[in-house]
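Trainee: This is the structure I want to talk about, given as structure tokens.
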Amino acid sequence: MNPYEWLETILFFVVLLALIKPFGTYMAKVFQGERTLLSPVFVPCENLLYRICGVDKDDEMGWKRYACAMLLFNLVFAVSLFAMLLLQGILPLNPQKLPAFSWPLALNTAISFTTNTNWQNYGGEAAASYFTQMFGFAVHNFTSAATGIVIAIAAIRGLVRRKSSALGNFWVDTTRCTLYILLPLSLIAAIFLVSQGVIQNFSPYKTVPLVQATSFEKPRLDAKGTPIKDAKGNPVTESVTVKEVTIPMGPVASQEAIKELGTNGGGFFNANSAHPFENPTPLSNIFEVFLILLISGGLTYTFGRMAGNTRQGWALLAVMLAILILAIGVFYRAESSGNPLVAKLGVHGINMEGKETRFGLAGSALFATATTGTSCGAVNTMHDSLTPIGGMVPLSLILLSEVIFGGVGTGLYTMLAFVVIAVFVAGLMIGRTPEYLGKKIEVREMWMSITTVLASGILVLIFSGIAMILPAGVSSMNNSGAHGLSEVLYAFASMSNNNGSAFAGLNGNTLFYNLTGAVAMLLGRFVPAVAVLAMAGGLAEKKYVPPSLGTLPTDQAPFALWLTLVILIVGALTFFPALAMGPIAEQLIMMR
């Protein structure tokens, strides 16, 4: 990195860390029902909503009621979005007269946005109307983010409460999360993004003439959209001359803010945050990365404050930061070393393919690692154009169950599942009954934590294996060999871990990938969520056990190091064979 890039990266983390404590404290006050600066504004709104919906805010739920409420809430929103996509052609705010989605694509997209994945088998500006973007996708960006956050809060309550059967009230937690956290921050973020040049309008798309006409050859397609080939098997092409271009418009800033803040990631445009109307300047780029990490980072301090020991939260944050910074370093090194095949031609330099020059390599490295360490999935660089090792970094961060900050809420509760595993294994090694925050870790907690950690990994390997042996899966691959495997592995890793980014060389808009992806996203989201709630419910019922000489201190550096090793070892044991056949093999082939 040059001095400017070092300064940019260091300053970013300094500002982020400076806001972790005050923002984490604010979120703790919100979920504990304490007074905040926004209480005079939102308490009347909150109480009005409870009266309208018939919610008793003092009626706390056990883990089963909490889980059922969460599942019902998400089911209603999934069905509503599915219907909206099927009816898009007759709904308002559709100046381009875009048609309805096909049912497989509508199903995949509805589940994608409900689960906070935002996997997109369509191009936003070419397929989704303004009504769909605002009342469908943007609304789900709020609801899916709130769902993840409140599950994490319920998990914290399970750890800190004693001899209790209650984890809180899902409806109250979701209302407070949306009113006090997501809406105010999204408003501020949207205003800032508009100041940087992100568009916000309802104008029809603009058609403008080009200064110079452009001609090129493109493959001819049959009625089914399949490329036509001649007798020798070569693609049949036709000459096309372009004299004008269509520039898409839309209410982008309002959606861009919650897209990053809620670690959703679904782009208004197909190019996502590489598009200048979504992410126009280096400052907007840094700001969007900041939004991606803010809530997930702040929740670690929220956890420590609610647990009565803020060092517990700092320990988890240290683990997240250590792995994230390591990932940034490996990514930067791989991309700055360039492409070995290009270097053999005598052309040396960094790999800038698929990257935006206005962000540079440092801005691309920071964004790519942040968006895959969390469940965001937004991209400002094309991950399919990365070097094999550079591409393996975001893929590996996703495969680690996205605990490196992770999605809003999901990152923290998955990290807590890893903590339970680490405490249990350490207890076995020293011959002591494992304890965490004064609660004994027993068989139920281990089953639930293992389910939380391994569910997505099992889905990734099963669906990737199926895709590689079925013609329906292989036919969507535009690349063969090691890179083709990496594309399929990345796709199901992204969907199963609710990330949403992709190696774009894979055609996902097929019946096979729409349906298998929908199943992967559903199970990857809700199996760990219910398992965490079950674990929290069991822990809440337990009595407090005072620390003794044999208690493992979990708020100190040795445990943070042990937790880091457990995360990396679990990830390596699960996915190293697949990575060896994918990006590692591709890198070795390129270096021959």
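Quick reminder: no glycine exception, Cβ is built from N, Cα and C everywhere.
Quick paste from Swiss-Prot:
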- 6-26: transmembrane segment (TRANSMEM)
- 67-87: transmembrane segment (TRANSMEM)
- 136-156: transmembrane segment (TRANSMEM)
- 283-303: transmembrane segment (TRANSMEM)
- 312-332: transmembrane segment (TRANSMEM)
- 359-379: transmembrane segment (TRANSMEM)
- 389-409: transmembrane segment (TRANSMEM)
- 411-431: transmembrane segment (TRANSMEM)
- 450-470: transmembrane segment (TRANSMEM)
- 489-511: transmembrane segment (TRANSMEM)
- 519-539: transmembrane segment (TRANSMEM)
- 559-579: transmembrane segment (TRANSMEM)
Trainee: Checking distant contacts: for the transmembrane segment (389-409), what same-chain residues at least six beyond its ends satisfy Cβ-Cβ under 8 A?
Mentor: 116, 145, 147-153, 261-263, 292-293, 295-297, 299, 320, 323-324, 327, 330-331, 334-335, 351, 368-376, 383, 415, 418, 453, 456-457, 460, 486, 489-490, 493-494, 497-499, 501, 503, 567-568, 571, 574-575, 579, 582-584, 587
Trainee: With a Cβ cut-off under 8 Å, give me the same-chain residues at least six positions beyond the ends of the transmembrane segment (312-332) that come close to it.
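Mentor: Distant Cβ neighbours of the transmembrane segment (312-332) are 1, 9, 13, 20, 24, 296-297, 300-305, 361-362, 365-366, 368-370, 373, 389-390, 393-394, 396-397, 400, 403-406, 411-412, 415, 419, 437, 554-557, 559-560, 563-564, 567-568.
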Trainee: Could you tell me whether the transmembrane segment (559-579) and the transmembrane segment (359-379) have 3+ CB pairs under 8 A, leaving out pairs under 6 positions apart?
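Mentor: Answer no, regions not in contact.
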Trainee: Residue list, the transmembrane segment (67-87) vs rest of chain: Cβ under 8 Å, 6 or more residues beyond ends.
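Mentor: Sequence-distant neighbours of the transmembrane segment (67-87): 61, 100-101, 103, 105-107, 109-111, 113-115, 131-132, 135-137, 139-140, 143-144, 147, 150-151, 170-171, 174, 526, 529-530, 533-534.
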Trainee: Which residues of the same chain, at least 6 past either end of the transmembrane segment (559-579), have a Cβ under 8 Å from a Cβ in it?
Mentor: 315-316, 318-319, 322-323, 392, 395-396, 399-401, 403, 418-419, 421-422, 425-426, 453-454, 457, 460-461, 464, 485, 489, 552-553
Trainee: Of the listed stretches (283-303, 450-470, 519-539), which one yields the highest count of Cβ-Cβ distances below 8 Å with the transmembrane segment (136-156)?
Mentor: 519-539
Trainee: Would you mind listing the long-range same-chain contacts of the transmembrane segment (450-470), meaning Cβ under 8 Å and 6+ residues beyond its ends?
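Mentor: For the transmembrane segment (450-470), the sequence-distant neighbours (Cβ-Cβ under 8 Å, at least 6 residues beyond its ends) are 399, 401, 413-414, 417-418, 421, 485, 488-489, 491-493, 496-497, 512-513, 516, 519-520, 523-524, 527-528, 531-532, 535, 570, 574-575, 578.
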Trainee: Do any residues, 6 or more residues outside the transmembrane segment (283-303), come within under 8 Å Cβ-to-Cβ of it, and if so which ones?
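Mentor: For the transmembrane segment (283-303), the nonlocal Cβ contacts are 8, 12, 15-17, 19-21, 23-28, 31, 145, 149, 152-153, 156, 181, 185, 189, 192-193, 196-198, 256-257, 260-263, 273, 310, 312-314, 316-317, 320, 358-359, 363, 366-367, 370-371, 374, 376, 378, 380, 405-409, 411-412, 416.
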